[in-house]
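Here is what Swiss-Prot says about this protein:
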ACT_SITE  Glu267  active site
ACT_SITE  Cys302  active site
BINDING   Gly244, Ser245, Thr246, Arg247, Thr248, Gly249  NAD(+) binding site
Amino acid sequence: MNFHHLAYWQDKALSLAIENRLFINGEYTAAAENETFETVDPVTQAPLAKIARGKSVDIDRAMSAARGVFERGDWSLSSPAKRKAVLNKLADLMEAHAEELALLETLDTGKPIRHSLRDDIPGAARAIRWYAEAIDKVYGEVATTSSHELAMIVREPVGVIAAIVPWNFPLLLTCWKLGPALAAGNSVILKPSEKSPLSAIRLAGLAKEAGLPDGVLNVVTGFGHEAGQALSRHNDIDAIAFTGSTRTGKQLLKDAGDSNMKRVWLEAGGKSANIVFADCPDLQQAASATAAGIFYNQGQVCIAGTRLLLEESIADEFLALLKQQAQNWQPGHPLDPATTMGTLIDCAHADSVHSFIREGESKGQLLLDGRNAGLAAAIGPTIFVDVDPNASLSREEIFGPVLVVTRFTSEEQALQLANDSQYGLGAAVWTRDLSRAHRMSRRLKAGSVFVNNYNDGDMTVPFGGYKQSGNGRDKSLHALEKFTELKTIWISLEA
């Protein structure tokens, strides 16, 4: 893969055409009230584009298009083979436009171009292609009945899905939802975060080029309290697929209950525990994976290993190795292919992370201070040790490159510390002891448990959380459960 060089990407950014309109019923269009908002480059703080500010009237327009095409059956009743062909074409186009999409992602979010080009865009295309290839292999069932009856169990598309996605992995998380939703035959109204809407807008144009019927995918940009709320309270939306904060997830559940009891599938916050036992097979490897698990994407990862639990006897040795590994994660210009850490999404979020660091200085020892990183919205690797497990630093999702270290002396204590959280998205265990690995994996209250790695995985396995980290699953065939209805058809053969 050719990552080019800083000047290449800067020149490309200058000539980049940025689409800024809504996408409704197969066409780019201004918001009904002709209002816009600015999306800002987190490096320079300069405006990138004026984006259409969609509101409830625009959601209604998108709803009309989405419902109309769904009821006509242009997509919902089409064959799996047709859907497969269109979605594979979309994946092809995403790969062909990988540099453009990666640049939009990096300009919008401040993440390193290396990661956008190597991880985000290929991962997004892979998600679309995976469900394209899977959908004609999903079968119904025939239940056992008497000889004069036939009972069939079939899966049908839910209807119109509202997909609400966050700003940390805009295109990747969009495609985790679009892949199964579209493959199953649904129509989708996509609302990207107002902080990172550019790649979603561009994706809509590529979907039309791939042959997706008009109205099947609509993109309405805007704010959560306007466009987002219009979706969550809309009486004609059949389901919401959401990734974001636990606080917003709770509001979506309330809105669904107050409207039409639409399904709400949530992937929310996390405060994942990374547990290193004294019999860890390779402390150097564990330190490297731990650093990547908290500092990748500037710590703006829902499943980041933000709590490091170290067995007392190896804690000091491990922390020395971890400090060395942190040197590989230093903020730089996001368009420089050598950069491993970019900026946080914006200065407001950086201020929030700074406030946690200031508070943490009175709660534990600051082993590594990532402040003064050189860019306004950037924060480097930050590590606190010996923090009270009850402190907010240990319990709240910071969503930045801030690691909290706690020591333990027994397996039971490690388990108690790990599970003592409102969240349950991920956890990791480093040990040579296979029996311990099994015990811990089964007793940890988390949707994903990693043994001797951190956050490995691919499209074949589900992703989601326990407790206030959400419900339902993204990725794998299990994601189709969110986007399909299960119908029983009972036929009397003697009639």
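For all residues, glycine too, the Cβ spot is worked out from N, Cα and C.
What Swiss-Prot annotates, mapped onto the structure for a quick look.
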residue	record	contacts (Cβ under 8 Å, 6+ apart)
Gly244	NAD(+) binding site	Ile164, Val165, Pro166, Ser193, Glu267, Ala268
Ser245	NAD(+) binding site	Ala268, Gly269, Glu397
Thr246	NAD(+) binding site	Ala268, Gly269, Glu397, Gln422, Tyr423, Gln468, Ser469, Gly470
Arg247	NAD(+) binding site	none
Thr248	NAD(+) binding site	Gly224, Phe242, Ala268
Gly249	NAD(+) binding site	Phe242, Val264, Leu266, Ala268, Gly470
Cys302	active site	Asn168, Thr243, Glu267, Ala268, Gly269, Gly270, Leu425, Ser469
CB-centroid shell, 8 A cutoff, NAD(+) site Gly244, Ser245, Thr246, Arg247, Thr248, Gly249, site residues removed: Phe242, Lys250, Gln251, Leu252, Leu266, Ala268, Gly269
Around the Cβ of Glu267 (active site), the count of other Cβ atoms that are within 10 Å: 28
DSSP three-state assignment for Glu267 (active site): strand
